[in-house]
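Asks: First, the structure itself, so that you have it in front of you.
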Amino acid sequence: MCGYCIDYDRCFIGGFLLVFHWAQRNAEYIVPLYCFDPRHYLGSYNYNLPKTGPFRLRFLQESVRDLRNTLLKKGSTLLVRRGKPEDVVADLIKQLGSVSAVALHEEVASEERDVEKGVKDICAQMKVKVHTCWGSTLYHRDDLPFPHIARLPDVYTQFRKAVETQSRVRPLIPAPEQLRPVPPGLEEGAIPTAEDLGQKEPLSDPRSAFPCSGGESQALARLKHYFWDTDAVAKYKETRNGLIGVDYSTKFAPWLAMGCISPRYIYHQINQYERERTANQSTYWVIFELLWRDYFKFVGVKYGNRMFHIKGLQDKSVPWKMDMKLFSAWKEGRTGVPFVDANMRELAMTGFMSNRGRQNVASFLTKDLGLDWRMGGTRLIIEMLNFMLVDHDVCSNYGNWLYSAGIGNDPRENRKFNMIKQGLDYDSNGDYVRQWVPELQGIRGADVHTPWTLSSAALSHAQVSLGETYPTPIVMAPEWSRHVNKKPSGAGPSARGKKGPSHTPKQHRDRGIDFYFSKSKNL
């Protein structure tokens, strides 16, 4: 019997462990397999954007390479193939001749499930058993305290309280010391280069808040650094809304999305840290964020393709606009609103954007510009973010966009972020804006958030010409005026400056949950 393990866009270490434990008990030989599916690297139907862009591809290549090295140390290896998984599996079954089972990791979203169905159909035709595993969430799907997924609450807080009081996180599965071998005669296969897949190798940017590599080894090293070497996790709740630097947040998302580390491993490490070091709001908040990730995954199971519909989960009609000129300005970081532009440029240059930034650019697009978050059913925005984000996750991305657009899992309506207030709250001295919008570097302090309010003399002194060297704002929200020219108390060097870890000002430390829990409509 040969076990086959694949995830169609990410190499799930957690999924491999589950599959390996099953296969170790049921197989003489195991064939670990990862497929580089060409459908992920060809242009999409609507806008010719590949599902996987250069930053995530590099992270994926590093993850696959690391997984192969890990398996080699355990007496196995990782087969790598280029091709549609259903075709690759069929070829391997024919080549081996005696395959009795194919094991794979279950997915949620429709495109991934379509590929999964293709593999299952091929196996049925070839009379090969299929074994599936569920392993990408903190709480197992079968352990949820709801009689059926249709009873999953539509409000996160209700879900969180239910699982925290009525469910348990399963224990970790130890990795086998030795694995059953790969059948003789199988070639490992080369890991394709970016050029092989029709892409260019991305440039590394020294300003990046995520200068990290893919792979389980790097994920474990990051956790060790953030938990045990620096105790940064004990300050997570205070620093997580930072903008500059590596250690203002855990940065686990890319490894979680790729499957290089499991949420259960993080959870149990948090429990150990709380026993041996300290337990506080910050350590709990890491689990709180993992629960959000779980929630959006289960929302995807509950609602299926409704996640992608223009009316969202609430079946609510919103008079969205279609304006490619406004969209292009947002995408390129040329809106004339510095805090928005800085975040969009960071994404374009590094494949990463902070949680604070994501909430703001999403609110600006949907609430200030009033643009269809999917651009009229063609999903341009989502396709763009899938392409750009190193930590792309279907359910988390769509779940958060539905939330931001006011048509998702949100019990309150019509809330929006105030771009000026947000900039002053979280980039009080303007260091983040100046880092990513260099044409505004001549404007000192918080004035950089509102260059259109400066005098001609001040702009000239800063070598800024609005409409020429930097755009005038493409929209002006009336509520911004309440914060224009307001300077943060104790203005001085930004607490989130270029050196050292980022910190959220004390008066704003609880603002990170405002988006989800505040009754205020203007944050």
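One is the number of the first residue shown, and numbering goes on along the chain from there.
Glycine is treated like the rest: Cβ placed from N, Cα and C.
A quick note: this is a predicted structure, and the numbers were derived from the prediction, not measured.
Sharing the features that TrEMBL gives for it:
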type     : residues                                                                                       : note
BINDING  : TYR236, GLU289, LEU290, LEU291, TRP292, ARG293, ASP294, TYR295, PHE296, ASP391, HIS392, ASP393 : FAD binding site
SITE     : TRP320                                                                                         : site 'Electron transfer via tryptophanyl radical'
SITE     : TRP373                                                                                         : site 'Electron transfer via tryptophanyl radical'
SITE     : TRP401                                                                                         : site 'Electron transfer via tryptophanyl radical'
REGION   : 479-523                                                                                        : region 'Disordered'
COMPBIAS : 496-509                                                                                        : compositional bias 'Basic residues'
Asks: For TRP401 (site 'Electron transfer via tryptophanyl radical'), what is the tally of other C-beta atoms lying within 10 angstroms of its C-beta?
Replies: 22
Asks: Can you tell me how many other Cβ atoms are located within 10 Å of the Cβ belonging to TRP292 (FAD binding site)?
Replies: 17
Asks: Around the C-beta of LEU290 (FAD binding site), how many further C-beta atoms are within 10 angstroms, looking at every protein chain?
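Replies: For LEU290 (FAD binding site), the 10 Å Cβ neighbour count is 22.
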Asks: Sort out the sequence-distant neighbours of TYR236 (FAD binding site) for me: same chain, 6+ apart, CB within less than 8 Å of its CB, listed by position.
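Replies: Result: SER249, THR250, SER282, THR283, TRP285, VAL286.
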Asks: Return the count of C-beta atoms lying within 10 angstroms of the C-beta of TRP320 (site 'Electron transfer via tryptophanyl radical'), excluding that atom itself.
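Replies: For TRP320 (site 'Electron transfer via tryptophanyl radical'), the count of other Cβ atoms within 10 Å is 17.
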Asks: Give me the long-range Cβ neighbours of PHE296 (FAD binding site): same chain, 6+ apart, Cβ under 8 Å, in sequence order.
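Replies: Residues satisfying the criterion: CYS395, SER396, TYR398, GLY399, ASN400.
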Asks: Which value in Å gives the longest Cα to Cα span across the FAD site residues TYR236, GLU289, LEU290, LEU291, TRP292, ARG293, ASP294, TYR295, PHE296, ASP391, HIS392, ASP393 as recorded?
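Replies: With TYR236, GLU289, LEU290, LEU291, TRP292, ARG293, ASP294, TYR295, PHE296, ASP391, HIS392, ASP393 as the binding residues for FAD, the largest Cα distance is 22 Å.
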Asks: Rounded to a whole number, how many Å is the Cα of TRP292 (FAD binding site) away from the Cα of TRP320 (site 'Electron transfer via tryptophanyl radical')?
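Replies: That comes out at 27 Å between the alpha carbons.
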